[in-house]
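Participant: Please find one structure pasted underneath; my questions will follow.
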Amino acid sequence: MAIPESPNPMKSSLRNASGGVLCYFILLLIGVLAFSIRIFSVIKYESVIHEFDPYFNYRVTQFLVKNGIYDFWNWFDDRTWYPLGRVIGGTVYPGLTLTAGSLWWFLNSLNIPLSVETVCVFTAPIFSANAAWATYLLTKEVKGTGAGLTAAVFLSMVPSYISRSVAGSYDNEAVAIFALIFTFYLYIKTLNTGSLFYATLNALSYFYMVCSWGGYTFIINLIPMHALLCIVTGRYSSRLYIAYAPLIVLGTLLAALVPVVGFNAMMTSEHFASFLVFIIIHVVAFVYYVKGMLSLRMFKVAVTVLVTIGMVVCVAAVAVLIAVVAASPTKGWSGRSLSLLDPTYASKYIPIIASVSEHQPPTWPSYFMDINVLAFLVPAGIVACFLPISDASSFAVLYIVTSVYFSGVMVRLMLVLAPAACILSGIALSECFDVLTRSIKFNLYNLFENPSPIVGDSSSDDSAVSEKVKYDRHSGSDTHEEVLKSRTSKKYKKKEKDVVEKIVRKPKNEKRLLVLPLEASIFTTVLIIILGSFYVIHCVWAAAEAYSAPSIVLTSHSHDGLHVFDDFREAYSWLSHNTEVNDKVASWWDYGYQTTAMANRTVIVDNNTWNNTHIATVGTAMSSPEKPAWEIFQSLDVKYVLVVFGGLVGYSSDDINKFLWMVRIGGGVFPHIKEPDYLRDGQYRIDSHATPTMLNSLMYKLSYYRFVETDGGKGFDKVRRTEIGKKNFKLTHFKEVFTTHHWMVRIYMLKPPKNRIRGKLKKSKFSLKKRSTSIKDSQISRPNPWH
Amino acid sequence: MGLVVRVGGFGFTAKMMNDQDLGFFANLLGVFIFILVIAYHYVLADPKYEGN
């Protein structure tokens, strides 16, 4: 092997300068890519807010922009959850709204008159570019600039993240993922440098994350886990203390300032791990301090005494904690957090959480759909993190392990897995690129600048040289860490210098790099470019076809062209123009946010799902026959009932397919609603074999009223793929007022109560007596609170 | 599918990008960035070799 010349400082600085320029250019292109890949929805459809939750966020942003921040904090919304209302300021995570509002205000102050809707639509793509740059910074701290760039490229187009950050997806995750990655970056930066400045920034970034998303609990549990891991593996240092303690103190204080969190930052079990590790790290720091001051024998005595006292205190504290927490039915954990720890919890005890599609566990193919080739690169990245292990790389491993577990519980949390997968994959590929490019460069150097054969080690013909110690940027960073240690610790300067000198000497003694033959290197590089191309093509396809649909507008392709289904907006527009401002609209909670935002009408329940009893009331009404349902809605001042029906066009996410959840949720609070009454032999049916309870339910009637008129009397449901059981029936207590073009949304008005009963007084008295006895009987067996 | 827009009064017409154009641009940019990253690793590669 050729012995290289002594390093030329000019060449080295030129290489670094070129690398720096190239790095910034790549980062700029990554930002452009992250933005442009997310605007397929705007190109294919229009600049419109998507899904359901973003409509609430959009409405809140409109309010903030119109009325200012103080009215926003004190806003009580009486147009939702009628008659309860909702305290918006205290129940919303304000980060997204404040971010978009600030962006709108800033642009308008520069005389760029963008509408609030436009700013809201494009907030997510802008922050996805920021997230890609944050991933670069984080991975750079873990494994170097090359790994950072590779990870940033992956994150800019990973489908899992695209699904929640397309243009129009104005939801908390749009800014929260950026905040998550940036918080982790500042934590690692503090861990690497021991700087209080970065520690403070870390706390502020954590505060922004708490403002943005309930997923902040992931951070406040992962970082303590990592700190504990470092302590247990003997990697405690003053840098770890500086990275951890200010975050917990400042971060908790700042988190408590967010109204929706408040004292939960101290009282809920989700935060206890951070306090426990806070105590542990102080104990460890004290032990290290005492160890440095006492002799070995004295230290052992002190440890024995301290451990004894400490155990007594800990047992007492834990006993008190257990007593306090055990008093809570959920042991201090929120329902959603419990469902993460016990995946079967929600299905057993909280039907509302179980009914949400994004709370279901993912399927195996969804991993390949959402992270594609990264699924195969992650294990290689984990191995690379151990070669060699550092505080930062151990954090990356812990992050991927925990996020893989949580993504397996809930498909929505694939979003948290995406950055971890990109970081580990970036590390793996970067190590690969290091070897390949070094081999190519080395072989080209030998070929062109030093063509004569060199007599050297016989192993030069053997291309797979076994490596003894890999000298890469990371051992350089270890050396860098030691140098920093010497700067920060003045007292132990001499000792640190000795350590630094020893470490610096080590790489010089034995170092041999892995070099492959030129042809193999070039061929492998080409193969990896092809692999990367497959990833790019898949991501662009996913962004264009799978994740760009706004849900509010549906399309389908058939032999006679493209069909657009704009029934939802048609229905909301009808409500807006044909009903009074104070009219109340009842529907299943899925459509609450959209109805309030687009139709500007008061709703009974919405997607916030904060009141289970209220939702159960609506579910009971939908499950009951016409008259009891009318009475329920009448008691809630409802004037219109809205149902979504997909039987004509084949739209499967309609209310008939959701009906069993209405029954389950309603039956959870009102026991007279029993799920078996709606099933025939355990099967859910709407045809002639359906149960009478099902055929008489309000949901069935409102969905299939006049349905037979659409296909000449058959009444064939294209979703359930069967003819309906009850075909020709009349509504007694409801009146159809509007059905959209494709019958997807149907609106009914409650008929007003009858003024007087004619000629039925004797009969009603008789039936009243009979009813009272039958009511007594029924109350014994199936109490109905609505009679 | 693309919208033809007349810009200015000089007869200059600009066609708005459609989803296929955007897809092509995104694919090209993605592969280009990937190659640039490899080029970055090549530029910064420093094949020092030191024997015992």
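Counting begins at 1 with the first residue displayed.
Every residue gets a Cβ built from N, Cα and C, even glycine.
What TrEMBL records for A:775-787 is compositional bias 'Polar residues'. TrEMBL lists A:22-424 with the feature domain 'Oligosaccharyl transferase STT3 N-terminal'. Taken from TrEMBL, the feature region 'Disordered' covers A:766-787. Positions annotated as transmembrane segment by TrEMBL: A:21-43, A:87-107, A:119-138, A:144-162, A:174-200, A:206-229, A:241-266, A:272-290, A:302-327, A:367-387, A:394-411, A:513-537 (among others).
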Participant: For the transmembrane segment (A:367-387), find every same-chain residue at least 6 residues outside the stretch whose CB is under 8 Å from a CB in it, and list them.
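Facilitator: Contacts of the transmembrane segment (A:367-387) (Cβ under 8 Å, skipping residues fewer than 6 from its ends): 142-143, 154, 158-160, 163, 393-394, 396-397, 400, 407, 414, 417-418, 421-429, 431, 470, 531, 534-535, 538-539, 542, 546.
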Participant: Would you say the transmembrane segment (A:21-43) and the transmembrane segment (A:119-138) are in contact under the rule of three or more C-beta pairs closer than 8 Å, pairs 6 or more apart in sequence?
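Facilitator: As far as Cβ distances go (cut-off 8 Å, pairs 6 or more apart), the transmembrane segment (A:119-138) and the transmembrane segment (A:21-43) touch.
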Participant: Which sequence-distant residues neighbour the transmembrane segment (A:21-43)? Criterion: at least 6 residues beyond either end, Cβ under 8 Å.
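Facilitator: Tertiary neighbours of the transmembrane segment (A:21-43) are 50, 121, 124-126, 128-129, 131-133, 136, 145, 149, 152-153, 155-157, 162, 165-168, 539-540, 543-544, 548-550.
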Participant: Same chain only, please: residues at least 6 beyond the ends of the transmembrane segment (A:144-162) with a C-beta under 8 Å from a C-beta of the stretch. Say none if there are none.
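Facilitator: Residues 19, 23, 26-27, 30-31, 33-34, 37-38, 128-129, 131-133, 135-138, 177, 369-372, 374, 414-415, 417-419, 421-423, 425-427, 429-431, 433-434, 472-474, 477, 535-536, 538-540, 542-543, 546-547.
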